[in-house]
Structure formats: C-alpha cells, structure tokens
C-alpha cells in the first residue's frame, strides 16, 4: 500500500497523467474494487466527507447563557451581590443563587433538547446523504457517496452531483455545472480523460469515471477549509430579536421611572430601591423564550419527517405555515407517474410498419436497466421485456436531456446492419425527421385528439447508419408513429386540492405537457381550467383576450401553465413573489434548481435528483400532493405554538413591570425578588410543555405579525397588572375579603400580604397561557395533557408555598387555606374577561371595527352585532353574482365565532374555488357534451363561450 500513501499525501499528479497510468497508480482496474479493498482504502484515505468541527460540549452549554435576554438576568445576578448592600443586611445571596439556578435550568433544558434535536436531525439528514452508483465486486449498486475511495468506478448521469474528484472514462462528453466551485456561469464540456470535481452538477450526458480524490483531498474539500462558515441571520432570528428587544425596552422604561420616582421624589432607602429594580429585571425577562421556540421547532421538524417531509432548514417551517401559493408539478405529484399505452390508439405514419413494431422501436430506444417512468412503460408493453434487445447488439445509448428531449439507441441487427431508434417529444422528433407540412398537420391533429382525452404524446423515429459508426450522423430519419401515454391522477389529488383551497393555499399546475392535457387534468382534479401556455408568460400568446392582461395578473389568476420549461418556473415564482405571495415550488430535475432556490419554500419531490434536493428547503420521502398539504397543516400547528408563546411572553413582561412598578410607587410596598424568582422558575417549567401542546392550526396562511403580538401582549399585560393592583389595594387598604368571606384580616401585615400577592400573580400569570394558546374561548379549545398537568403541579406548589411557607429571608408567612381559596376564586373571576380582550384586539387589528364605525355608523344601530352579518352577506352575494355563482344560504355569525372571524379565504383561493366549481359542473356526459355539439354545429368559438358560462 506504499503507493497509496503517496496518493494520500498528494505526491502523484493524478489530474494530468494519462488515464492508464491513473489505474496503475491507484492499483485498480475498470472492473472497480472489491468490498474488502474498499474497506482497506477507507482506513488509508478516510470517509468521503468533510471533517466536521468538534464543538466543545461545555462551550455549547455556556453558549446558551450568552444572548441579550441572559445578559439582563446576569446583570440582575451581579446587582444582587454587588449593589444590593446596605440597610444593615448582607448581599442578596439568595437571589444571586436563585438567578444562577434559573439560568442553569434554562441552559440545561436548551442543551438537552437541542442535542436531541441535533441527533434526530442528523439521523434524518442521513436519509438524504448523497448516493452514487458504484461498481463493487463486479456489480453496479447504489451506495452512500461517503464510502467512495480512490480507485472506485462510479457512474455519473444527468442530475447527479459528482460525488468525488474523478477522471472520466470512455463515453460521450458531459456538460458540467461547476459554478459553485469556480464561478463559471455556463456549464462546461468535459470529455473522456478530463477531471470532474466533487460538488459540481451533471447537466447533460452519462459516463463512467474513476475516483482520484475523496473528502478533504478534493478540490471542494480544500476550498471548504479556507472558508469560514458564515452565520446568516434568518427571519426567525430577527423576529426573536425584535420580541426580546421589546421586552428589554419595556423593562428599561419601568426601571427608569422607578429610579426617578423612588430616589429623587420619594427619597426611598437605597437597598429597598435596588430590590424593586431586581423584581422588574428578574420577572420581566422572558428568559425561556429562545429555549421554548427552538424546542418547538425541533419537535415540529421531527413530526414533519414522520409525515414524509424532511426539513433541511428549520426556519422553512414558518414559511410553510405562511405559504399561500403552491406551484406543483403535474407528473408524479398530481398524477401517479405510472404510464400506460392504449395500443388501439397508436397511430402509424410509416408504410409497412404495424403498431407492434412501433412499440418495439420505442422499447429499443429505452433503457432496460436504471429506467425512468417512460422507459419502464415502453419496455413493459412488450410481451417479453427481453425483446427490447433480442437479436441486436447495443452500440451506444443517448440518454434523455432537457435540450434534445429524446433518447436514442444505436444498434447492429443480426445481418450486421447499423440502425438508430429514437423516441421523444413530438416537436423534437418532427424537427429531427424534417417532416413535410401535410405530415406535420396530421401529427398535430393526432396530438390534439390525444390531448382532448388527457393523453400525452410520444413520437418514434428510426434511421439507418450506413457509415457504421456511433458518431456518424446517419441517413435521413423516418417518422414512424405516435404513442398515447396515459398518466392517471392520484386517487387523493382532487380531495387534497379541495383541502388546500379551504386552507387558503392556491394550487397552480405547472406542466411541460400540452395545454389541452393540462386543462383536462385540471378539470378531472376540480382545480379549474383557467390555464395558459408558457408563451403567455412572455406576452407572446396568440390568444387576443390575454393581450390586455398584465403578465403579473395573469400568473396570479391562472390555475396553471402548460408547455413550461425550467426557466419559466423561475419567472412564475419571481412574479408571484413580487405580488407579495409566499410561494412554494415543487421540482425534481437538475434544471428545477434555480426555481427551487428562488421559491420561499423549495420542495424536492420523492425521487428527485441530487441537484434538486440540494437546492430545496424540504425533501419529500413520499409521493403526492397530500404530503405537502399535511406538512402545511403541521407547520401551522408548530407556528401557532410559537406565536401563542410569544404573545404570552410579552404579556407577562408588561404585567410584571407595570403591576409591581405601580404597587412599589403608589403604596411603597417592596415585593421580594426571591418570590419573583419562584414565579419565573415555575412558569418556565410549565411553559416548556407548550412545544407539545394540542393546538388548532390557523385556517389561513399565517405569519409573524409583530403588531398583533405586541398589541395583544400590551393589552392583556396591562389588564392583568391592573387586576393585581386592585387586588393589592383590597388586601392592603380594605377588609373586603374579610367581610365577604370571613377570612382573617391581613391588612398592613407585610409578610402575609407578600404571600397573598405572590399567589395571585402566580395563578393568573400561568393561566394566561390558556388564553393566548386558543383562537376562540379558552375553555372550549382543549389544551394538551402535558400543559394542564404542568400547570396544576406548578400551582399546587405555589399554593402550598403561600399557605405554609414562613421564610423570613423572602418576607413571606403562611396565609392558610381560607385565603388560598379566596385568591383562587378572585383569579378565576378576573380570568374570564381575558378572552373578551383577546377577541376585541383581533377585531380592532383586522380593520373592520374602524370601517364599521366610520363608514356605516354602526355605533348607533340596533341590529344584532351592529349589522355585521347582514353586511357580510351582502358583500358575499355581490361577489358571487359578479362571477356568475348562486348566492349561498344565509348563515348567522357572531363577533367571537372562530369560523366567522377566519372563514374568508384569500381572494386568489376564492377565485380558484369558483373556477373549480364551474369546471366540475362541466363534466362529460352532462351539459358539456350537448353544449359543445351545438357550438360545433353553429361554428362558434368554444373558448369564448367557456368564459361566459353561468351556473
């Protein structure tokens, strides 16, 4: 193995020496390596992957204490021992220890959960590890690219990411995109003997290659060593920072007001003032926020993977929740991609050829191994698949590529004559055969006939090769026939599209097939037939009715596009994003990569190429549209949990800061910082369970609305703060509870007032999560078992502390079960208005409140709900009449009805629903057949009439 050591040390120039010398130096042959040789070479060269930086577990743990929210808590800890002096008391060690414990608890939970999430993500990403076709033990097989070693023989084809640095063997030239490595914008041609680099993408061709370098020894590996990874600040991080900053600023304002009032105006003692400031710092900071949100995302990501959608980028979850347009491939996503040919409909164009021979030529122009769906269909149509190569010797196979859109086989028959058979897109084959005008007309007529039935067309041609060379152009091509391909829709596609529309997601079909096929498939799936050819995207459509319509508007209103090339997909995504839509795009091929990268959510479908997977945000492990729609629902649940928590966190900050500031300044009552710590620790323990809470997903696409989060948080927090102020006034200045419930008076008893105030703040603070987690009444939407259990346990502990604890250092004394019962009753009574405030804020933020007040003067009406239902019904009727639809049955609505508040779909989805409704009513064997026969009889234009159908 001495020679291999030199290769590992890069002492041999394998990039430039002749290919035969490469085999000598690597001690291998064109038959590849054995498994044993591969294992031995892994010991020498290592696995074919880049070395991951080992992160110190200790530094990672401490990293969770290094963020703006933690800094505020750490500042509070320093204040507790450095500034909290005087008044004849020692430094505040209890608070210092308590703050450190709180920080350690949060960091520990974050560390454990992120570690678990990281392990789960690593296991998921292992499923996405690049695979490659490698020749081992004399057999071709698909293996993980990480096992490759110098000397392995690999196969590289269209859409593959080159798995290692390699030298090309005999075969056709490849087109390689190495822009990611060298910056070259156009694909470069690589001939046999040339070197290809790990990480570049095959754009055209197919060839075998011998591996010469792996892992860190590759061109890509060396470049990666020179570049530090850049930390991109994602949208999620920006939102997190904005919410954290809002809380920090709120606390800072409270502290400044306290300092100004307590010291210069009230002349309060220094030590008491510092403790009041500590209360705001400790209680106001949502220290658990980064932990709760990251854990929620990690758990959600794992749930998505179980449903068949692996998220490569964690923050894609929030974009998936906000997606309102999904551009979906037809083949394989909306349909089964299980093709069949109706032999009775095969059209023969060449003399002396029967339908069976057309099928045989199509099978010859197909692969017998490593097949795609069309190859499998063609070979499968033969009585015996072996007939595809029976009696002939294969010389050269031209694989499919997006430019030529055809495959071809050069072969020698039993008599020694050379022939070529080709199958592919009819337009390409017509051009290849240089057909006459009458033949073209006949071909297009048959294609249209197929398309009206929803059938795709496949053309077959042949030629003789008198020069007997695979590189020669050969004789003239002869157009042989047309085959009809039927790709049945998935059984669940129609229902899934209906669900998507109800969820406010508009599904647009993007297909390379003809317009007529797209329309027929759209009609069958109930997604409407408002489809356009790709030429309409460039404003070149022959349809005069489209000329006046701006391209942006056309794309927005279309149900789909036909005859689409990958560059059109990019344009569709770009235009929709300019119209402020959150766009999802599915793709599977190497040419889809730009559109997948451009889309807000790039979705690589099941069996996508390596290039499509690397460009996407989400990789599907199961076929069909239903996986995507399930993922949308799950993402909205995850997003809802995160949004619920952020509203809760902002509310608690405002409630603590405002409540304790008012009590400290009005009655000069100094609440113990240690008791706020107890509230914070119990709160954080409970709130961690929200990541697994049972939630109702938003009925419409959702996104971070910071104005809604801050407005709701401020209103709910202010209300709770005022409730606490009223409660303290009742126990501090009156005997209200003593008179009404017969409990002992604790008026002006500082330690007992502290216990009572602690319990009241603890109960309502935690109960608030049930309000923020629900869209309707909090007692109607059942929370998760874990959340309820954690709440009850935390409040049991809080109640026991208030009832029994006699802690002089925290200035509390047990108040007994009588007072505990009174405080629970008080908290429950003042809990109910929280829901009403929540509904009111939502109503005000929707803008409808101001419209009603200013435009309709609804403040002075006597109608139920200020006539809201009646006006909405009038609007809906007007809209439906405008589009030729019957008005729905009138339904009653209420201000706080969840379905009423959120039932309006986005305008674009509503339009698609209407078109789908019309399309379904035009099914065959109903009005459609009769109408079309009359139209043809009268010589009218069916397309014009379609636009004027009314129901």
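Glycine is no exception: its Cβ is also placed from the backbone N, Cα and C atoms.
Within the model, the topological domain 'Cytoplasmic' (1-60) shows a mean pLDDT value of 82, rounded to a whole number. Residues or ranges marked as topological domain 'Cytoplasmic' by Swiss-Prot on the basis of sequence analysis: 1-60 (among others).
Here Swiss-Prot flags 61-81 (among others) as transmembrane segment, drawing on sequence analysis.
Look at Swiss-Prot and you will find 82-92 (among others) tagged as topological domain 'Extracellular'.
Using a Cβ-Cβ cut-off under 8 Å and counting only residues 6 or more beyond its ends in the same chain, the transmembrane segment (93-113) has close neighbours at 60-62, 64-65, 70, 73-74, 76-77, 80-81, 84, 278, 282, 287-288, 290-291, 294-295, 298, 673-674, 677-678, 680-681, 684-685, 688, 809-810. Summarising the annotation, Swiss-Prot assigns transmembrane segment to 93-113 (among others) and lists sequence analysis as the type of evidence.
Per Swiss-Prot, the feature topological domain 'Cytoplasmic' maps to 114-242 (among others).
Taken from Swiss-Prot, the feature transmembrane segment applies to 243-263 (among others). Listed as Cβ neighbours of the transmembrane segment (243-263) (distance under 8 Å, sequence separation of 6 or more from its ends, same chain) are residues 67-69, 72, 270, 273, 276-277, 280-281, 284-286, 289, 646, 649-650, 653-654, 657-658, 661, 664-665, 706, 709-710.
Residue counts of the topological domain 'Extracellular' (264-276) by helix, strand and coil are 9 helix, 0 strand, 4 coil (DSSP-based). The topological domain 'Extracellular' feature in Swiss-Prot is assigned to 264-276 (among others); the stated evidence is sequence analysis.
What Swiss-Prot lists as transmembrane segment is 277-297 (among others), and the listing cites sequence analysis.
According to Swiss-Prot, the topological domain 'Cytoplasmic' annotation covers 298-613 (among others).
Sequence-distant neighbours of residue 329 (active site, 4-aspartylphosphate intermediate) (same chain, 6+ residues apart, CB-CB distance under 8 A): 510, 511, 586, 587, 588, 605. If you look up Swiss-Prot, you'll see 329 marked as active site, 4-aspartylphosphate intermediate.
Residue 592 (Mg(2+) binding site) carries a helical DSSP state (H, G or I). For residue 592 (Mg(2+) binding site), the same-chain residues lying six or more positions away in sequence with a CB closer than 8 A to its CB are 566, 569, 585, 612, 615. Under the heading Mg(2+) binding site, Swiss-Prot lists 588, 592.
Positions annotated as transmembrane segment by Swiss-Prot: 614-634 (among others).
Residues 243, 246-247, 250-251, 253-254, 257-258, 276, 279-280, 283-286, 288-289, 292-293, 296-297, 299-300, 303-304, 317-318, 320-322, 671, 676, 683, 687, 690-691, 693, 695-698, 702, 704, 709-710, 712-714, 716-718, 720-722, 724-725, 761, 765, 768-769, 772-773 of the same chain lie 6+ residues outside the topological domain 'Extracellular' (635-661) yet bring a C-beta within less than 8 angstroms of a C-beta in it. Look at Swiss-Prot and you will find 635-661 (among others) tagged as topological domain 'Extracellular'.
Summarising the annotation, Swiss-Prot assigns transmembrane segment to 662-682 (among others). Sequence-distant contacts of the transmembrane segment (662-682) (same chain, six or more residues past either end, CB-CB distance under 8 Å): 80, 92, 94-95, 98-99, 101-102, 105, 257-258, 261-262, 266, 268, 272, 275-276, 278-279, 282-283, 287, 656, 721, 724-725, 728-729, 732-733, 750, 753-754, 757-758, 761-762, 765-766, 794-795, 797-798, 801, 807, 809-812.
Across the range of the topological domain 'Cytoplasmic' (683-708), the DSSP-based residue counts are 13 helix, 0 strand, 13 coil. The topological domain 'Cytoplasmic' annotation in Swiss-Prot covers 683-708 (among others).
Here the transmembrane segment (709-729) has Cβ contacts under 8 Å with residues 243, 246, 643, 646-647, 649-659, 662-663, 666-667, 669, 753, 756-757, 760-761, 764-765, 768, 771-772, 826, 830, 833-834, 837-838, 841-842, 845 of the same chain, all six or more residues outside its ends. Per Swiss-Prot, the feature transmembrane segment maps to 709-729 (among others); the stated evidence is sequence analysis.
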Run through the Cβ atoms and count how many others sit within 10 Å of the one on residue 588 (Mg(2+) binding site).
25
Could you tell me which three-state DSSP class residue 329 (active site, 4-aspartylphosphate intermediate) falls into?
strand
Write out how many residues of the topological domain 'Extracellular' (635-661) are helix, how many strand and how many coil, based on DSSP.
27 helix, 0 strand, 0 coil
Residues in the topological domain 'Cytoplasmic' (1-60) per DSSP class, helix first, strand next, coil last, are 30 helix, 1 strand, 29 coil
Over the span of the topological domain 'Extracellular' (806-813), count residues by DSSP class, listing helix, strand and coil in order.
0 helix, 2 strand, 6 coil
Counting only residues 6+ away from its ends, which parts of the chain sit with a Cβ under 8 Å from the topological domain 'Cytoplasmic' (683-708)?
102, 105-106, 109, 235, 239, 242-243, 287-288, 291-292, 295-296, 299, 318, 321-324, 502-505, 582, 633, 636-637, 639-641, 643-645, 648, 652, 765-766, 769, 773-775, 781-784, 786-787, 789-791, 794, 841-842, 845, 899, 902-906
Please list, for the topological domain 'Extracellular' (730-750), how many residues fall into helix, strand and coil according to DSSP.
11 helix, 0 strand, 10 coil
DSSP-assigned states of the topological domain 'Cytoplasmic' (772-784) in counts, ordered helix, strand, coil:
1 helix, 0 strand, 12 coil
For the topological domain 'Extracellular' (806-813), the distant same-chain contacts (Cβ-Cβ under 8 Å, at least six residues beyond its ends) come to 94, 672, 674-675, 749-752, 754-755, 758
Do any residues of this chain, six or more beyond the ends of the topological domain 'Extracellular' (730-750), have a C-beta under 8 angstroms from a C-beta of it, and if so which?
667, 669, 756-757, 811, 813, 815-816, 818-819, 821-822
